[in-house]
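Visitor: Got a structure here, written out as structure tokens. Questions coming.
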Ligand code: NAP
């Protein structure tokens, strides 16, 4: 139950944002956590901070026309939601996936505000993307789409304004096409306008690995806090994209045994532990389907079409594909199989019912806005390197990432403790992330 004033703010946000289930879900979770803050510091709500925070500062929707390899004109829709710039320029990825709509971009942008705040770095929150599906498209088609997308987007972004990066469907190839078009249109080598760039042209070492590494490090911190760890434990990972691959890599380095990976066609389970070189070859080089992994690996690896990757018994779960991929049924199975920690590499991969089950069962649960903040944190490190015309070593950058993840973990735990919710990383992340943004907004007056 929310207190009356907070409830009234919540009702108003719901009234203003119909038909956007993912956005409403993300807002609901934050309001539940803010209840504890409302009891002690009602001034944030009284000053309209929460209402303002739920309303994006700016939303841009645009037409993206391009010509496919058959000469047919295609039209997609582009989005950029510049959500909140209290702490720095808007920062957040671009997602290219057929499911993208305004509500999904708003949910991701809203989460991004708190996530970016938790990193302790000077970045605001934003998100963007398109309903374009890069699967099955040639490099030429992807390039023409990206060039058209940037032809509009370039008016709105800049190193001091808004700094996009990758997300689902947007990796190094897409960032290359986007940056090339930005440079051509503006006649400026403004490296800090995009992150996730190639290493030869302004990118940062460890950026590619950062989100997955960070999510595994966060899981490790949660386990250490209960005198446990990765060593010799089975790890379940969903997805086989950027976040999944590097979650597997770090989990292996920490002594864990990742046994699964998936994509939208099904999942593989490999009882001998995932062969990472093979997975990278299939997914990063050949852009193939996950079933190919089982075919080539042979032995104890098998592909299961459809189905739930969470049926596989594991001690540590790193959901790293997409929103709402781990539901109540999957959570029940994981708990019955003795899962000890769940760290959200993806954004909001667990449904509210699944999260409730994990919390009831005493599973260490790291919400995405804390657990997957390593990606955006390393993007901010990329911006630092661009601003100082410098490049850092892998070791130094990874050390910075590790310290940032440990810092986020500690902040979540301390904040949860402060509000008498020990061990509740959801409350810790939401309250700590919110407070910093809210204090900055208070200082700025009503804007
Ligand atoms: P990616 O490289 O495009 O990989 C996405 C993976 O998830 C693919 O294996 C994809 O399979 C699978 N997937 C996507 N939609 C799916 C669906 N509806 N059902 C089943 N599988 C699906 O993307 P990514 O960068 O790894 O992002 C994964 C998640 O992490 C997203 O929630 C993203 O917002 C979050 N995240 C990413 C970063 C980052 O730095 N990249 C940072 C923070 C959070 P198919 O290829 O078959 O679609």
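Positions of Cβ are set from backbone N, Cα and C atoms, glycine also.
For reference, TrEMBL lists these features for the protein:
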BINDING   91, 112, 115, 166, 379  substrate binding site
ACT_SITE  127  active site, proton donor
SITE      167  site 'Important for catalysis'
BINDING   211, 242  NAD(+) binding site
Visitor: Checking proximity to ligand 1 here: which recorded positions out of 91, 112, 115, 167, 211, 379 have their Cβ closer than 6 Å to it?
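Guide: With ligand 1 as the reference and 6 Å as the Cβ limit, the list reads 167, 211.
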Visitor: Just to verify a number: CA distance, residue 112 (substrate binding site) to residue 127 (active site, proton donor), in angstrom, no decimals.
Guide: 8
Visitor: Through the lens of DSSP with three states only, how would you label residue 112 (substrate binding site)?
Guide: helix
Visitor: Measuring Cα to Cα, tell me the gap between residue 115 (substrate binding site) and residue 211 (NAD(+) binding site) in whole angstrom.
Guide: 12
Visitor: Hey, for the substrate site built from 91, 112, 115, 166, 379, who else sits with CB inside 8 A of the CB center?
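Guide: Surrounding the site, in chain order, are 92, 93, 116, 123, 125, 127, 165, 195, 375, 376.
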Visitor: Please state whether DSSP places residue 166 (substrate binding site) in a helix, a strand or coil.
Guide: coil
Visitor: Rank the binding-site residues 112, 211, 242 by the number of other Cβ atoms within 10 Å of each Cβ and report the first-ranked residue.
Guide: 211
Visitor: Compare the Cα of the residue listed as 'active site, proton donor' against each of the recorded positions 167, 242, 379 and report the nearest.
Guide: 167
Visitor: Rounded to a whole angstrom, what is the largest C-alpha distance between any two of the residues 91, 112, 115, 166, 379 that the record assigns to substrate?
Guide: 16
Visitor: Measuring Cα to Cα, tell me the gap between residue 242 (NAD(+) binding site) and residue 166 (substrate binding site) in whole angstrom.
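Guide: The Cα atom of residue 242 (NAD(+) binding site) is 10 Å away from the Cα atom of residue 166 (substrate binding site).
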Visitor: Within the chain of residue 91 (substrate binding site), which residues six or more apart in sequence place their C-beta under 8 angstroms from its C-beta?
Guide: 112, 116, 123, 124, 125, 126, 162, 163, 165, 376, 379, 380
Visitor: Could you measure between residue 211 (NAD(+) binding site) and residue 167 (site 'Important for catalysis') for me? Cα positions, answer in whole angstrom.
Guide: 10
Visitor: Which state, by DSSP, holds residue 91 (substrate binding site): helix, strand or coil?
Guide: strand
